[in-house]
Each structure stands twice: as structure tokens, then as C-alpha cells.
Amino acid sequence: MVVLLLMIILSYVIGTSEGQLKVGFYSDSCPDAESIVGGFVRDAAQSNTNIAAALLRLHFHDCFVQGCDGSILIDNGPNAERHAFSHQGVSGFAVIESAKAKLEAVCPGVVSCADIVALAARDAVALV
């Protein structure tokens, strides 16, 4: 009985949660955001057949503990999250950093790092 009640509560909570990022989310504030990120992912995939898996793993590691916040991208020395033991082997940072630099040139301060990681993972998975 307790398990059934827990399942009902969980299905209600999961069913009512909504993420804000969706296709076209930046269509007004930065219309080229998705195509810019997609372009960097496509270019990277042409030279590295493992980039799709790397970007998906990067997204997973960023989102796993406390939600998607882009914190894995911060490189502030040897104690940075990206250097943590549990993140060994995570890669794809260069793709995200390149896309972020381009987006900052086109739409400064608009597209979050976490959203770039999510868009890149989506586009990488779609490519394969």
C-alpha cells in the first residue's frame, strides 16, 4: 500500500514538472542560438566520432547532482568540479567553450552555459 501511494505521488510530481528549455526557446532573444550550437557540434562530429557520446556524458555530469547549472564548465583551478574524481574522462569542453564564445559575440549575456550544454547534447544525439 505504501509503495502504491509513493508511486502515485511520484507520478504526480514528475507529471507536473516542466523544464523551460524547448526548441525555439531563444527565438526572440537570440534567434541564431540553436543553429550556432548545432554548427559547432556538427563541425566537432566531423573530426571526432566520439563527440556525441562525450557531449551527452558532459550534460549528464552537469545535471546529475543538483540540476543543470553549467558548474562543470567552471575551471577555477585544481579543485574545480570538472577535475573531481567522479568526472574523470568527461570531455567535450572545447565544443561548449567555442559555442559560448560565438554566442557571447552575437548575443552577449543571453544564453546560459547550462542551456548550451543541453543544446549540444541534444544536437549530438540527433546527429548519431
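Cβ atoms here come from the backbone N, Cα and C positions, even for glycine.
Please treat TrEMBL annotations as automatic predictions, because they have not gone through curation.
Looking at the candidates CYS68, CYS107, TrEMBL gives CYS107 as the cysteine bonded to CYS30 by a disulfide. Annotated Ca(2+) site ASP62, VAL65, GLY67, ASP69, SER71, GLU81; additional same-chain residues within 8 Å of its Cβ mean position, judged by their own Cβ, are HIS61, CYS63, PHE64, GLN66, CYS68, GLY70, ILE72, ALA114.
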